[in-house]
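Per TrEMBL, the features are:
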SIGNAL    1-20  signal peptide
TRANSMEM  59-79  transmembrane segment
TRANSMEM  177-199  transmembrane segment
TRANSMEM  219-238  transmembrane segment
REGION    257-295  region 'Disordered'
Amino acid sequence: MASLNVSLCFFLATFALCQASRRAAKALLPGGAYAHFAREAMRMLVELGPWAGGFGPDLLLTLVFLLLLVHGATLDGASANPTVSLQRFLLAEASLPCTLLELAAQALGVQAAGALTRLYWAWGLSDLHVLQSLMDPHCSSALRTAVPHGALLEGSCAFLLHLVLLRLQGSLAIHRVLAVALLLTAAACTAGPLTSAFLNPALAASVTFRCSGHSLLEYVQVYWLGPVTGMLLAVLLYHGRLPRLFQRNLLYSQKSKYRVPRGRPVPGPGGSQTPEEGSRGRGPGSGGQPLSSSH
């Protein structure tokens, strides 16, 4: 119980620190610098929390769900996920410089989050955190399945996440926050024992890339290529194309909004004929009657 209380205090203190930093950055920095750098960096500080607690699966899932709800309600538009930033770029919702700025902020934020967590463990506020501090240099891999299977799991979960994000664009914020929190918690419950269900290349790189058990290339295949592929498939399925790269729909046929009227048969003395056929047999100046031959 002491470890739980200490960790909850750490989560709350980190959240308060990020909120205060976010407000200060919003007031002091230019709008572009805050929108694409500061909020992403600060969001990454709280992203690492659920994976740094060291609790059992039931309690961890509860904390993940509650923290996702809090983060979703206060993220101020930040994604803290490189695949979401890439999705915005492919949808032509963000320019290349803004996307690169977001990716740099996410990399910086996740490094700061890792350093803050290790500093917190080093304080030794509970026996569990003393143990984690001692084991940190010798961490074990979060990938506990074959590389192709892990890539498939991470890609499938990322595909569902991005499909939900695309579907809920423009909907009420409470609906998006609740749907994403439920989906990520379900992913952590199902794929978590095998890959930890990061669905976030930056977060995975900070938590498990330095751990022994797999090579860097294997980690990249599972935690980078898997989520990016899932995101690309979600955008293709939802839009039928990648708007930044293709103007033409690649999957779905485009139906014309206007229908070309078709000629209907017009009843006449000699049977039914279309208007075009009737006009072909008429001569000029005859009032619609055929010309008679003179004898």
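A Cβ is built for glycine as well, from the same backbone N, Cα and C atoms used for every other residue.
These numbers come from a predicted model, not from an experiment.
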*For the transmembrane segment (177-199), could you work out the same-chain residues 6 or more beyond its ends whose Cβ comes under 8 Å from its Cβ atoms?*
51, 57, 60-61, 64-65, 68-69, 72-73, 81, 83, 142-145, 149-150, 153-154, 157-158, 160-161, 164-165, 168, 207-208, 222-223, 227
*Long-range neighbours of the transmembrane segment (219-238), counting only residues six or more past its ends (CB under 8 A)*: 83-84, 86-87, 90-91, 143, 147, 150-163, 166-167, 195, 198-201, 204-205, 208-209, 250-251
